[in-house]
């Protein structure tokens, strides 16, 4: 390991942040403007001052504090072991030992003391840079030799892909010069000139004389150590102009060059440090820039191949594999493809750091749980799941109908903030691994489930039973509250109430369709008050029930009427003769249902009829609509029963949480079921194909209702107010998410 920790105090968006326990691969994610690039600025500034460069000072996070600090704690365990070994007594080894380890004048700071306390067999070295208001700086270690040596042993390289010259790869030479510890002291300049003179001169002395003439004319400063490294390496290879797959760089696309540049740089970084004690740090800002998603995946895959090639483990050993610690590689990304591949391929050798903003505007950094032991999850972990790590708000649902509902464009137009939420249909395997409650990402979320995932009711025994999820939730709630927490007593009381439900009898009526006195709505409300802490919301009914209720019933009837009037076409290529024939066969007053069924069907196209046919068709439709409404109100006792019949017809459940299929299997509510069956076969035959999940009725009904309300109300606020009255559960979920998103947006822009 290269770095043990980085601490930043009162600089840029950082109030006081400590990053520690780095892995070989460190993937940084987060929304724009949360401080990801500020980490790069801080590290870059620290190293610039380490190398005595003049750079623009960093802004303070708050001017109430007169100073800012950057503290790097380096892991010197390996280098100390090397330089204290009897085998290594070279000049540079002695210099390292005398500079870093022999002196007792270097005091340990708090981070170093903590690090030593936690690992007595390890060696650490901390260096703090203090920035003052007058732009002056102070180092915790005065000796410039120490700082220079740290810059040599732990070099820093950064790549901002948006700003690199994709046709000039010379920065790679700088990298190469930083990754070795060659000794040039024994290289005699005159001997080198004589050697070359002997090898390349056509006549003895020609090369030497040529060099002498050049030196007599020009005046140059001596090569630095790094320049010597580059020149000696270039002499030994066939050329120093980079090509990509044998082609000149200018002939390649920007994306191809960017990918190859990064691959080459990281390949060299890993390869050249396997037998060196220099431990570099590299930071790549948005490596995905200019890359196709599949090429972005290949970038991580190829990095993993070279990483694995040299890695020595108990299972993998042999020539060419080393236990040498890898460089610390950081890359910040907005790419789900890169994040996905990092998590899947690097396992425990990676970590994901999630940057977000606190309410006060300072940067928060959370280490995400990004290692998974569940191979089922890793097998299905795709870009769809990875993109949730970048979400502003996540709504986890349990069905395609919910996806259709919450992604409805008409709704999103009325609630623009909600359009920023990710709606995700998650099974239990994915939900257990990807929800922010597990990953520890600072992403607000809610898990929406039906109440029947918690409880089950038997019409025969008139008793509830608690499902496993309820038992699990009770355990989680108990853990969430401390015994002395002021809210513990209230939650404990609610938990006891929930547990008592299964031992009490709840009478039903109307053949088990409704409860007699028990209110499922009240139970759901009480559950949601305490489950909110677990980011869970349980709907009193299903999505079908939330859409079809007593408040929405008038709109549902109007929607059915709209389907009849606008979507039903004449079921014959000769409409004039056909409609006359059907009129003669069926009496419009006493046989309107068979007449309607014979004449009309749901049509994809809307042919133009003669005015006479239009009038005849409209008369039949209106007669049928009047008959349908009268029949519905005569067949059922009240609107509560009408709503239930429609819910069940469209795949919903009774108040006692029975579907039509379950009622049939248990032999319950036979008369009620028979009524629904008759409606499906006769009066509502044209809707029967839509009475299934994802058939499209949710979208068409919701669009119709919003359009209808829009025509009734004067502004969006009144439209939203009416929607909240008609669909209270649905809109409360949307409003809660919107409020959270708007608050987050405000903190980012404020």
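Placement of Cβ uses the backbone N, Cα and C atoms for every residue, glycine included.
From a predicted model like this one, the values you see are computed outputs, not experimental measurements.
Residues or ranges marked as ATP binding site by Swiss-Prot on the basis of similarity to another entry: 33, 34, 35, 36, 37. What Swiss-Prot lists as divalent metal cation 1 binding site is 398, 450, 452. Annotation source Swiss-Prot lists divalent metal cation 2 binding site at 402, 623, 641, citing similarity to another entry. The region 'ATPase domain N-terminus' annotation in Swiss-Prot covers 1-173 and rests on similarity to another entry. The region 'Dimerization domain' annotation in Swiss-Prot covers 174-260. According to Swiss-Prot, the feature region 'ATPase domain C-terminus' maps to 261-390, an assignment based on similarity to another entry. The annotation region 'Toprim domain' is assigned in Swiss-Prot to 391-704 on the grounds of similarity to another entry.
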What whole-number Å value do you get for the CA-CA distance of residue 37 (ATP binding site) and residue 623 (divalent metal cation 2 binding site)?
68
Quick check for the class: what is the C-alpha distance, in angstrom and rounded, between residue 35 (ATP binding site) and residue 398 (divalent metal cation 1 binding site)?
34
Report the same-chain neighbours of residue 641 (divalent metal cation 2 binding site): residues 6+ apart in sequence with Cβ closer than 8 Å to its Cβ, ordered by sequence.
510, 513, 672
Do you know the mean pLDDT across the region 'Dimerization domain' (174-260)?
82
Using a Cβ cut-off under 8 Å and a sequence separation of 6 or more, which residues in the same chain sit near residue 398 (divalent metal cation 1 binding site)?
425, 426, 448, 449, 450, 453
Which chain neighbours of the ATP site, leaving out 33, 34, 35, 36, 37, have a Cβ atom within 8 Å of the mean position of the site's Cβ atoms?
13, 30, 31, 32, 38, 355, 363
Using CB atoms and a 10 A radius, I'd like the single residue among the binding-site residues 402, 450, 452 with the highest neighbour count.
402
Cα distance, residue 33 (ATP binding site) to residue 452 (divalent metal cation 1 binding site), nearest Å?
42
For the recorded divalent metal cation 1 site formed by 398, 450, 452, name the remaining residues of the chain with Cβ within 8 Å of the site's Cβ center, in chain order.
449, 451, 453, 538, 539, 542
Across all chains shown, how many C-beta atoms besides its own are within 10 angstroms of the C-beta of residue 36 (ATP binding site)?
23
Round to a whole number and give the Cα-to-Cα distance in Å for the pair residue 623 (divalent metal cation 2 binding site) and residue 33 (ATP binding site).
62
Reported as an integer number of Å, what is the Cα distance between residue 34 (ATP binding site) and residue 402 (divalent metal cation 2 binding site)?
31
Summarise the region 'Dimerization domain' (174-260) as counts of helix, strand and coil residues per DSSP.
51 helix, 4 strand, 32 coil
Rounded to a whole angstrom, what is the C-alpha distance between residue 402 (divalent metal cation 2 binding site) and residue 36 (ATP binding site)?
34
Can you count helix, strand and coil residues in the region 'ATPase domain C-terminus' (261-390) using DSSP?
58 helix, 26 strand, 46 coil
Which listed residue (33, 37) has most other Cβ within 10 Å, given these are binding-site residues:
37
